[in-house]
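Read through the structure below, which is laid out as structure tokens, and then see the notes.
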Ligand code: EPU
């Protein structure tokens, strides 16, 4: 393990925010991780876990030890006629892993193709798209528990997976994810219910074609971070009570909505932002993408303060028109490397 100083993180976060870390190291193994944690403790530094950088908002200076996760490896743990269980290092690229599973003819993750980021981040916010969430295929997560100071395996049923949620979100300072174990299927039931996916897949209802169509849909709507730096969906889709939904729908009957099992209703944040006039609109160097209003783009070397000014303006306009408070998805960090509230 080698500690480096004053490292620019701009190319390591997909919004391309300028952010210089006072201390930085790559983590290739569990041994590296223990050494780095020890170094941080000895030198009284907070630690900041950097994975694919696709869901984070960083300040310009960070006085902390940044742990850049590079634990690799893909290993089959068990196999039978129906399924295969695979442990995947936290540093593997998510999309490449999805493509690999499809090529191996083990299925389930095809709806999640082209999501940016690394495998280690997938359980944190339980990444989801086109009717599938990663948690449905996760068997367990191998972590270092900073409170108990030991490695352990957390079973999926103890991860509290829900829409954009898990225990790793509840207490972000506790667990460092080293690998994730997935159980994938050899004969999958394809999930085609979401939006126009079924029509896109057409008669060729194979997992391979499903993956191809998901990639096409994403490419047609979502900006490529290499061309338009962004952090994917910038806001969560709000989940409101049926009463609140009914009162909004009286004035806005076209509001896209998805009834939840418990009676609540999830509504489309992208539509609310679009209807508030923000689709394709900019504030300074930052704007909401012209093909999908839910995605905030850094068009011209914005700093964190520019991003915050823009998303707060979006929140205000949506609140004024619909009475709904949008909650940002990316995690906001302070200059000491700690997670801070979007409200401050
Ligand atoms: N809509 C608009 N205008 C817009 C954007 C969307 O009217 O500018 C409408 C659409 O017409 C549609 C509805 O809003 O009726 C929902 O839009 P879409 O199908 O594009 O999905 P989403 O709810 O905006 C969610 C996820 C995406 C995921 C897609 C597909 C969240 C916060 N986002 O977006 O996840 O890819 O569904 O499942 O749940 C991500 O997390 O980075 C991400 C891209």
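Start at 1 and count along the chain as shown; that gives each residue its number.
In case you wondered, yes, glycine gets a Cβ from its N, Cα and C as well.
Automatic prediction, not curation, is the source of TrEMBL annotations.
The domain 'FAD-binding PCMH-type' annotation in TrEMBL covers 17-187.
According to TrEMBL, the active site annotation covers 164 (among others). A C-beta separation below 8 Å, combined with a sequence spacing of at least six in one chain, links residue 164 (active site) to 125, 126, 128, 236, 329.
In three-state terms derived from DSSP, residue 233 (active site, proton donor) belongs to an extended strand segment. What TrEMBL lists as active site, proton donor is 233.
The feature active site is assigned by TrEMBL to 329 (among others).
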Just counting, how many other CB atoms are there within 10 A of the CB of residue 329 (active site)?
18
Test of understanding: give the count of other CB atoms lying within 10 angstroms of the CB of residue 233 (active site, proton donor).
20
